[in-house]
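Record features (Swiss-Prot):
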| type | residues | note |
| --- | --- | --- |
| ACT_SITE | Cys86 | active site, nucleophile |
| ACT_SITE | His181 | active site |
| ACT_SITE | Glu183 | active site |
| BINDING | Ser235, Gly236, Gly237, Val238, Asp239, Ser240, Ser241 | ATP binding site |
| DOMAIN | 9-207 | domain 'Glutamine amidotransferase type-1' |
| DOMAIN | 208-400 | domain 'GMPS ATP-PPase' |
Amino acid sequence: MTENIHKHRILILDFGSQYTQLVARRVRELGVYCELWAWDVTEAQIRDFNPSGIILSGGPESTTEENSPRAPQYVFEAGVPVFGVCYGMQTMAMQLGGHVEASNEREFGYAQVEVVNDSALVRGIEDALTADGKPLLDVWMSHGDKVTAIPSDFVTVASTESCPFAIMANEEKRFYGVQFHPEVTHTRQGMRMLERFVRDICQCEALWTPAKIIDDAVARIREQVGDDKVILGLSGGVDSSVTAMLLHRAIGKNLTCVFVDNGLLRLSEAEQVLDMFGDHFGLNIVHVPAEDRFLSALAGENDPEAKRKIIGRVFVEVFDEEALKLEDVKWLAQGTIYPDVIESAASATGKAHVIKSHHNVGGLPKEMKMGLVEPLKELFKDEVRKIGLELGLPYDMLYRHPFPGPGLGVRVLGEVKKEYCDLLRRADAIFIEELRKADLYDKVSQAFTVFLPVRSVGVMGDGRKYDWVVSLRAVETIDFMTAHWAHLPYDFLGRVSNRIINEVNGISRVVYDISGKPPATIEWE
């Protein structure tokens, strides 16, 4: 009997902040299970979830507007601790009898708050002290409105000159509100505050650990599929790889992995996938060489969106054909992760923040009535990686830079040809190899090479050549929503350029992309 790792759980109500998923990830990092729901849930749903505590997230709207989001009143009647963050604090204050109004001074960025009263939330936590010994906390503010009167049964815990109620608390009811973001790293003691709330005030045990998550997932897979056979599309990416390892641990040879080599992978990637999962880990893998099929389907197509659709359609066709060859397969496994599951459909009113959903459910043939197995659907990407390490997958593979689903199909600009893919693979491998050698790979968030369908004149020896151009791209980002181009050293870029031009026959010029996001996107297509 595996331990119930969902026994203690935190409910996070999403009011639309860009940081809400980060709040959930922080709670998980503390070893406690949590779920992220739209703010307009019902009392029955909250009762059914039975949380140990509730966090109200930040949000972009103003509580002073008539139809702005409100927490369900039951949140304050459930008898569990509640922690309001920014907008969450404001709606808590307003709903419990306080007052909120637009501030003359909008606070965005670093601030220092002074702790003026004792509270379980921040007791013993400080970044500095005032001259008279009061604790100071370095925090990250992001708000236009502010609480101007707290509910009558609350006390002021901390303040700034422009924000008189930076932290408020009702210790008896265990209600807390902060007018800053404890989940971001700029709030230096933010994790300690979240830990104080989740572990001490809500009294949640740290049951959510990689080893226990694996045990739980294996038990659930076995309970769901029994002795049935399962099929999985293995791409070599993080999600499908960890899904494969979990299923292999749970059901062994009853798992068949279909690896479709579409000709759009990185250099030697197909061989690496087959060697690792087939030879090293002993998984049952069906290898489908399908380069010609994909490239012929892409012939003549220049539009990026059309290319994506063609690659997706052909993959489904190839996967379906292989699935039909297998006998008695009852289940399809997928590497769906928690951010894929979070979507606006959870909102009954339609006012909750829309987080785009991209379920990766492939179109299976109608005659194949399969159940769906999604062992990662409760997990964030960082948790998937930690589980992968626990399962024995190599660090370099799990922490590789993101690679688009359509692969080189969207890194070859315009029409995709085998010649272009082969040149790009070799150029990109040199760039990545040099980044690793220079200890720069882990210092950038994503790096890759793009093939440009233009020829440029070059000089080789005494002759001139007229060959292709590639662009190097490297960015630094926290969330991939915005990104800065990486300021790689000039001598490093020169070394990469020289190697590519000298070693990859067919490329005469290398350029470096210095566009940020926005206005550019990270990928070129």
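Note that Cβ sites are derived from N, Cα and C of the backbone, with glycine treated the same way.
Look at Gly237 (ATP binding site): DSSP puts it in coil. Neighbour list (Ser235 (ATP binding site), Cβ cut-off 8 Å, at least 6 residues apart, same chain): Ser241, Phe259, Val260. Other C-beta atoms found within 10 angstroms of the C-beta of Gly236 (ATP binding site) number 21, with every protein chain shown included. Counting neighbouring Cβ atoms within 10 Å of each of the binding-site residues (Ser240, Ser241), the lowest count belongs to Ser240. Rounded to a whole number, the distance between the Cα atoms of Cys86 (active site, nucleophile) and Glu183 (active site) is 11 Å.
If you average pLDDT over the domain 'Glutamine amidotransferase type-1' (9-207) in this model, you get 94. Here His181 (active site) is compared against the recorded positions Cys86, Val238, Asp239, Ser240, and the shortest C-alpha distance is to Cys86.
Annotated pair the residue listed as 'active site, nucleophile' and Gly236 (ATP binding site), C-alpha to C-alpha distance, rounded: 40 Å.
Note on Gly237 (ATP binding site): other Cβ atoms within 10 Å of its Cβ, all shown chains, come to 16.
Cβ proximity to the ATP site centre (mean Cβ of Ser235, Gly236, Gly237, Val238, Asp239, Ser240, Ser241, cutoff 8 Å) flags the following additional same-chain residues: Leu234, Val242, Thr243, Ala244, Gly335.
For the recorded positions Glu183, Asp239, the largest tally of other C-beta atoms within 10 A is found at Glu183. The most densely surrounded of the recorded positions Cys86, Val238 is Cys86 (count of other Cβ atoms within 10 A of its Cβ).
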